[in-house]
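**Student:** Reproduced below are the annotations present in TrEMBL:
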DOMAIN    1-221  domain 'G-protein coupled receptors family 1 profile'
TRANSMEM  22-51  transmembrane segment
TRANSMEM  71-89  transmembrane segment
TRANSMEM  128-150  transmembrane segment
TRANSMEM  171-191  transmembrane segment
TRANSMEM  203-221  transmembrane segment
Amino acid sequence: DIGSISTTVPQSMANSLWDTQAISYSGCAAQVLFLFFFFGAEYSLLAIMAYDRYVAICKPLHYGTLLGSRACAHMAAAAWGGGFLHALLHTASTFSLPLCQGNALGQFFCEIPQIPKLSCSDDYLREIWLLVFSLALASGCFVFIVVSYVQIFRAVMRIPSKQGRHKAFSTCLPHLAVVSLFISSCMVAYLKPPSISSPFLDVLVAILYSVVPPAANPIIYSMRNKEIQDAI
């Protein structure tokens, strides 16, 4: 969350303070790389957290075996490593395009859908296929999260005590809230109809998915903290 929000907000704040809209070519490439990296890693970690809750609730006696420190380290390394390779692939493909239609992006940070619009090469189709591949991976993670929670809810409903069900649900609710916020904001940003697109709406939607989730996630996760609850 700190990484993803630090990729976009400081540069836009500096531009506002200095009354400029410029960013260097290398800075633009760095924004694309790190934003894809942090978002991809976070989405993978959210899927891993769904598996963690599935094992904790549905197979509690096997938790130490299935999710020991070694298994957690391997999954975290896979999430971060896969996220970085995925981001590197997108960045290299996007910035290999020849740009011949100006250098003005209709956004307050560099994002991939905006950059191919400046290209006069048919190679942008390669980036579209990469985006389709990314969508397929994201859909796979989404299906995994949904299936995990279907199994979790079935197990929770079989718990005889009301207190036990409440404890199980309270364990899952922060994660479910973060997943819902992350997925819904990305869907609004990338799946909205072109007919309702406008420069102002594009910027507003970009703020929704690039700034709001990273800012809100720490608050959501800390809501189970007794001191935070008392303070609120």
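Residue 1 is the first one shown; counting continues down the chain.
Cβ coordinates are placed from backbone N, Cα and C, and glycine is handled just like the others.
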**Student:** For the transmembrane segment (203-221), find every same-chain residue at least 6 residues outside the stretch whose CB is under 8 Å from a CB in it, and list them.
**Tutor:** 1-2, 4-5, 8-9, 35, 106-109, 111, 174, 177-178, 181-182, 185-186, 188-189, 192
**Student:** Under 8 Å between C-beta atoms and at least six residues away from its ends: which parts of the chain pack against the transmembrane segment (171-191)?
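**Tutor:** Long-range Cβ neighbours of the transmembrane segment (171-191): 42-43, 46, 49-50, 53, 56-57, 113, 142, 145, 149, 152, 205-206, 208-209, 212-213, 216-217, 220-221, 223-224.
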**Student:** Express the predicted model's confidence over the domain 'G-protein coupled receptors family 1 profile' (1-221) as a mean pLDDT, rounded to an integer.
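**Tutor:** Value for the domain 'G-protein coupled receptors family 1 profile' (1-221), mean pLDDT as a whole number: 84.
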